[in-house]
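As written in Swiss-Prot, here are the features:
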MOD_RES   SER129  phosphoserine
BINDING   CYS437  heme binding site
Amino acid sequence: MEFSVLLLLALTTGFLIFLVSQSQPKTHGHFPPGPRPLPFLGNLLQMDRRGLLSSFIQLQEKYGDVFTVHLGPRPVVMLCGTDTIREALVNQAEAFSGRGTVAVLDPIVQGYGVIFSSGERWKTLRRFSLATMRDFGMGKRSVEERIKEEAQCLVEELKKYKGAPLNPTFYFQCIVANIICSIVFGERFDYKDHQFLHLLNLIYQTFSLMSSLSSQVFELFSAILKYFPGAHRQISKNLQEILDYIGHSVEKHRATLDPSAPRDFIDTYLLRMEKEKSNHHTEFHHQNLVISVLSLFFAGTETTSTTLRYSFLIMLKYPHVAEKVQKEIDQVIGSHRLPTLDDRTKMPYTDAVIHEIQRFTDLAPIGLPHKVTKDTLFRGYLIPKNTEVYPILSSALHDPRYFEQPDSFNPEHFLDANGALKTNEAFMPFSTGKRICLGEGIARNELFLFFTTILQNFSLASPVAPENIDLIPNNSGATKTPPQYQIHFLSR
């Protein structure tokens, strides 16, 4: 639905909602400063047509690193800059550990699952998920072995093209999805499996829809716009279809479950469900299982595959960087064995390049919303319990106080004077604090092993001259996606 139509709908209903709102109790607390809101519409008129991120960055310049924006009728506190975000999410981690609502997802997730829950439910599910993923990551077939095998499958597929140009999106989706599938479902899929391809298409389409302007406007006025057509309905339809597949998979697992030999995340969860079946207050029930699997599958597929897509577009844009990475690969690994995770500490330049790709591309610029779990005093302001808080991760990843050239791609941001990898507190593509991304470790391992294996086996070429390659993302909302492109993988 067009922005102008959405705005008209909001305006025509705003007055009635305003009248109703006057009879509601007023919010207590002392919020950070921000633009003066209109009744019901909030700060809609201060929103940039380019999206929420652009709007928030402009408001940061005027109001500082902590400010309040009314997204429709509700106040949301914005946290900008490295120091501010760390002070809230790390130093006051418990107070800021609640999960805010993502309006386009809420009809499906409804506060369930390991990513979208809060309080004791979240703590219980996160402890279980971390332990389970760690156990399967360090067992007989470790995550590293799975990634290496998948990387080899990819190399064989790319060799079939014999240097012909291709769009790498499909293959990057397949390899990343297969890793999370092996952990959650206990199996990997052939790249031609119709069910697998359909699931990948649903995830890709949903991710793109969530980045649209329509979805961003929906976050402001979901209470009204949920009754009208829009991207939110397709998102719910897609997610429900994925949930149906997960539910079917859970039933197959239940029918073939061997308590002495759990195969994957689902088996382990089912065993825990059985153990706690007499506990009427347990969080280990079907709803939390399917939403947790949906969350892990969705979050563990699209963000990492999109990072890989951007990685090789950047390598085409800056071929001298790709050449330096390949030189380091040749020196440390050579051509006769697979890259391993142990190689990472011996390859500071490659590691710095991957860090810089994540920083520069900034794929989740706003991050998932938080919510304060109690009345919270922060920098002299009293933020009332249950107020939503947005950590603007982009403002840290592009923080000029921490990065010399924040808007340029420069691996030197992560190298010291001796060429060794250096840490940077502003590097938080996975967020930070207690709600840091559950799959951070797996994602980092995937990026290193896939990136190095591809560059070990192939040189890169583009049908377009480097100076004409566009790195500007298609969307700059809650998520970013790179432009579509063609690439030649030339066997080395």
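Backbone N, Cα and C define each Cβ position, glycine as well.
Model, not experiment: these values are computed from the prediction.
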Response to the item:
In chain order, residues whose C-beta lies under 8 angstroms from the C-beta of CYS437 (heme binding site), counting only those at least six residues away in the same chain, are ALA299, PHE430, SER431, ALA443
Fill in: the residue listed as 'phosphoserine' CB neighbourhood, other CB atoms within 10 A
21
Practice prompt. Specify the secondary structure state of CYS437 (heme binding site) as given by DSSP, simplified to three classes.
Written response: coil
